[in-house]
Amino acid sequence: MIVLADHHDRQFRYLRLSLTDVCNFRCGYCLPKGQQLDPQRPALLTLPEIRHLIEGFVALGIEKVRLTGGEPTLRSDLVDIVRAVAAVPGIRRVALTSNGWNLRDRLADLQAAGLTQLNLSLDSLDAARFQAITGSSRFEAVMAALEQAIALRLPILKVNAVLLKTLNYPQLSDFVEFVRDRPISIRFIELMQTLDNHDYFQQEFLSGSVLTEQWLAQGWQPIKRDRTAGPAQEYCHPNYQGKLGIIAPYSPNFCQNCNRLRVTSRGALRLCLFGTGEFDLRPWLQHPDQRSQLLEQVQQTLSFKTAGHQLAEANSGDTRNLATYGG
């Protein structure tokens, strides 16, 4: 089997596929100016195009697919997409990242279709603070989705919270207590600077090392990562059912173990979340006979992948916001 690899000795077995660039939340760290979409942008990838895309990437060694947005549950054909992705031989894991606003009543169907992992965005466990961060009053709906996911015993269930110095870090102990009796993982993501959130970033950034130092002092132990795992370093504790984690893109050598590629909701391959430029794959997603051309295009494009991003130099590439590419 072919294994995708770049010039920096990194292998890629994990694909993040955005299903839409539209989001119905207005998180200050992502869309501080609201969402401004180009009305002339191409149509979203269709189900047949998605199927051809996944089959091609599996032939290149991809084992895990994460469906992101924007907000992927805004797609009415989401269950069909999950089913199509899960049905491709070679796919070991189908994951979904969602804000949970309209997820509770769809989870059973998604699980039956082949969903094996859910990452739920939840930046606060307090309704008022949640609304202040996200611009949404759907806190109860998100919590209901989380409890439903626990009840359904999804194989992997994680909560993502963007680490914010004044808005949720003071409530860190609430998150830690939340996993005491719940078999979930809560991961804190360092706030990342984009072209749109400069002021917000300056006010709210906090290094993830602040959290890990506390956790290690409290007896939390690091867990070895799977080869298809994302960038989080997770920690376990004998007195807690759940886990804690940190995604720290500003830490040294963050990119040296990169194992994932991104395809936008319009079919463009993006080599780095904070890079520049995209490579259109859509012309090779129209028919199975184009498979060899698709594989060749992906392999050629991978030669342009750089060793790492330049966030530490305040260079966000051409990333205006995270909703466009799914974070």
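These residue numbers are counts, starting from 1, taken along the chain as shown.
Each Cβ is built from the backbone N, Cα and C atoms, and glycine gets one as well.
Model, not experiment: these values are computed from the prediction.
Swiss-Prot lists Arg66, Thr97, Lys158, Arg260, Leu261, Arg262 as binding GTP, and of Arg10, Arg13, Arg16, Arg320 the one it places in that same site is Arg16. Rounded to the nearest whole angstrom, the C-alpha distance between Arg262 (GTP binding site) and Cys23 ([4Fe-4S] cluster 1 binding site) is 18. Cys255 ([4Fe-4S] cluster 2 binding site) carries a helical DSSP state (H, G or I).
Residue pairs drawn from Arg16, Arg66, Thr97, Lys158, Arg260, Leu261, Arg262, the listed GTP binders, are separated by up to 20 Å at the Cα level.
Those residues of the chain, other than Cys23, Cys27, Cys30, with a C-beta within 8 angstroms of the mean position of the [4Fe-4S] cluster 1 site C-beta atoms are Phe25, Arg26, Tyr29, Leu31, Asn99, Thr134, Asn321, Leu322, Ala323.
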